Ligand SMILES: *Cc1c(COP(=O)(O)O)cnc(C)c1O
């Protein structure tokens with residue numbers, strides 16, 4: 001049986017005519033930069049998340065960087081975040097000369113443990129970046145409460161959770177700023193790099209808009225030091241097609257994630273820990289990640305049966321060579337230490353068939 005980790009080909013095949021048509025109309029128009037597809041995309045992103053400002057940009061990483069730039073983050077500032085995420089979350093903090101301060105994760109959701117945040121706040125703390133890992137939001141109410149008490153800004157790294165809901169509201173619009181990514185393998189992906197920034201703040205919105213266009217107020221008049229953070233028109237055109245089908249894909253993701261967990265439960269697999277999704281939120285399952293004790297042997301075995309896997313993420317941030325200058329003691333992060341050794345992601349896409357899923361689960365259960 002042929003199984004892809006994330007089935008990007010299927011999705012293209014399904015909407016091929018429409019996508020080709022959208023791409024060719026960009027090619028014909030030659031409006032490669034800031035073409036009309038971008039305004040259209042931003043309008044639907046704003047509607048979808050119910051955010052006042054929705055700004056498409058060059059990537060999820062740049063979305064995070066622009067958010068910190070909008071807050072004037074500078075050397076000496078501290079930003080609280082999780083050590084269990086993709087490197088970009090901490091990287092952007094360091095790029096501005098600020099210091100990431102890591103807080104251990106919740107043993108059930110693997111998101112930042114909100115109850116441990118307060119102990120890490122100092123007079124230099126400026127912001128908190130919770131990551132909505134694998135497509136499920138962190139405890140945003142608790143985090144926003146702490147931020148309000150200490151006058152900090154919360155930036156949700158929603159790069160894996162676009163389309164997820166928290167207490168009936170959309171990920172990306174749960175704190176002062178939300179950032180997402182349209183990297184091809186994310187729940188809503190384009191055909192290259194792309195991202196978006198969301199806010200309802202009337203100062204930050206226009207400022208971020210300027211920052212992503214070289215800090216320009218108008219052509220050749222620059223108020224801020226910004227970056228080239230634009231999204232390509234071609235990527236916006238692809239996203240405009242995909243946005244139409246995204247609500248259905250979210251439902252398919254819910255169903256496939258739920259079915260994985262049910263099948264594992266029926267098989268009574270005590271050695272496997274399935275994802276825990278809290279009652280007041282949904283996951284878009286950017287990854288369906290389980291925990292196993294003998295990960296190396298597990299991966300070797302199921303890969304030999306033709307089932308691709310991935311590990312998100314094997315090395316916590318504080319163990320990364322690039323961050324060794326922070327001189328962090330891993331013993332401070334007992335939960336991250338265990339989870340990063342045991343976590344493994346299974347194939348996941350809205351198009352995973354029942355047969356494929358049955359085969360994957362049986363292969364694991366009968367191992
Ligand atoms: C993918 C990802 C990013 C970076 O997004 P890019 O679009 O690849 O730059 C940042 N944070 C998390 C949690 C991600 O999964």
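Each Cβ is built from the backbone N, Cα and C atoms, and glycine gets one as well.
As annotated by TrEMBL, active site, proton acceptor applies to 186. In the three-state DSSP scheme, residue 186 (active site, proton acceptor) is classed as coil.
Per TrEMBL, the feature N6-(pyridoxal phosphate)lysine maps to 186.
In sequence order, 60, 159, 160, 162, 180, 286 make up the list of same-chain residues 6 or more apart from residue 186 (active site, proton acceptor) whose Cβ falls under 8 Å from its Cβ.
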